[in-house]
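Taken from Swiss-Prot as is:
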| type | residues | note |
| --- | --- | --- |
| ACT_SITE | 181 | active site, proton donor |
| BINDING | 56, 151, 282 | [4Fe-4S] cluster binding site |
| BINDING | 86, 179, 244, 311, 312, 313, 374 | (2E)-4-hydroxy-3-methylbut-2-enyl diphosphate binding site |
| BINDING | 86, 179, 311, 312, 313, 374 | isopentenyl diphosphate binding site |
| BINDING | 86, 179, 311, 312, 313, 374 | dimethylallyl diphosphate binding site |
């Protein structure tokens, strides 16, 4: 987008907002653990922290730009098209700063985005996930100020999809079709199909090789395909792309599956006319997944994964622990550690909030901890401090009897996705 009202970089105010960012999101405890080889021992409790976790540079950039925007346009109405990142603490801070969310009403309830509320005098922030081309066009016509915090890795996927489009290839996007990033990516392709996992990719490849029931195919993939998608026409030339937060290994397997499929269907000599691919998993996602694979090799009693419940990359971190057979719990903050007996967490399979009993073993314990790319160090530190508290361990390492205050009383919860 070329416009005097469009800003893709910061406003040179990072130094001015740095103190606020440090106070709200950083932690001296996390600095200590990093300096101590990502391990902290107190009393009979050992915490092993993944060597890559929490805020990635794309998230850091987006949050910093939002704070700079707040300072740059003081006195003007600021909007954001949806959550800037998938972390409740960060988004709540933005609300407290007076930034309004286009997908929320006055009471904070989720509603369809209402761009009619935006005036020419307003400022609209685009989140780290980006925005669809349709939303960009609406905002451009509003002639309002647009501050684009889209992660550069997401933009790289858009460039790849654009290349496929120009070559008249259908984009096969490994992702969740309702995720904000995938919605934005798909909007940049005339023809696309979103596959959630290797199983769905296999269904598509089986259709490419053997044909099948077109109506049944569209019934299954209808919500995940472009308007007018025709599997008999649109699966002849395909290019692989992905939501940047998906499991790297699965994206690679999906790419190889489509490559083998097109080679079988059209022959090795014609592969380039029918298949294109490029690695678009972001470095930060890969680093956190690699660190998680390393962490689960440690002798752990359990693992705590911290991140927003709608965070895709956090969910995939927990999948690694589950596949390894480790007791693991996805929480969004320290208040989910209700007591030494009870923990409230998001169940990986039901995607709902559940309560588990006897989650924290008695006696000596080793706890692995990691966090998704949208989780501030401060939240990680609060969780670690709560674990020590529940084990009766003070900052000095001394142990003693403690009470277990109930921080949350819900026995369960509604579906989270």
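Each position is counted from 1, following the chain as shown.
The backbone N, Cα and C atoms fix where each Cβ goes, glycine too.
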Taking 86, 179, 311, 312, 313, 374 as the record's isopentenyl diphosphate-binding set, what's the max Cα pairwise distance in Å, rounded to a whole number? 15
Least Cβ-packed of the binding-site residues 86, 179 (other Cβ atoms within 10 Å) is 179
Of 56, 86, 244, 311, 374, i.e. the binding-site residues, those within 10 Å of residue 181 (active site, proton donor) when Cα atoms are compared: 244
Given residue 179 ((2E)-4-hydroxy-3-methylbut-2-enyl diphosphate binding site) and residue 56 ([4Fe-4S] cluster binding site), what distance in Å do their CA atoms have, once rounded to a whole number? 19
Counting Cβ atoms within 10 Å of each Cβ, the densest environment among the binding-site residues 244, 311, 312, 313, 374 belongs to 374
What's the CA-CA gap between residue 151 ([4Fe-4S] cluster binding site) and residue 311 ((2E)-4-hydroxy-3-methylbut-2-enyl diphosphate binding site) in angstrom, rounded? 15
Restricting to the chain of residue 56 ([4Fe-4S] cluster binding site) and a gap of 6 or more, list residues whose Cβ falls under 8 Å of its Cβ, or answer none. 282, 284, 285, 288, 373
By a simple count, how many Cβ atoms lie within 10 Å of the Cβ of residue 282 ([4Fe-4S] cluster binding site), its own Cβ left out? 24
Using a 10 Å radius around its CB, how many other CB atoms surround residue 151 ([4Fe-4S] cluster binding site)? 25
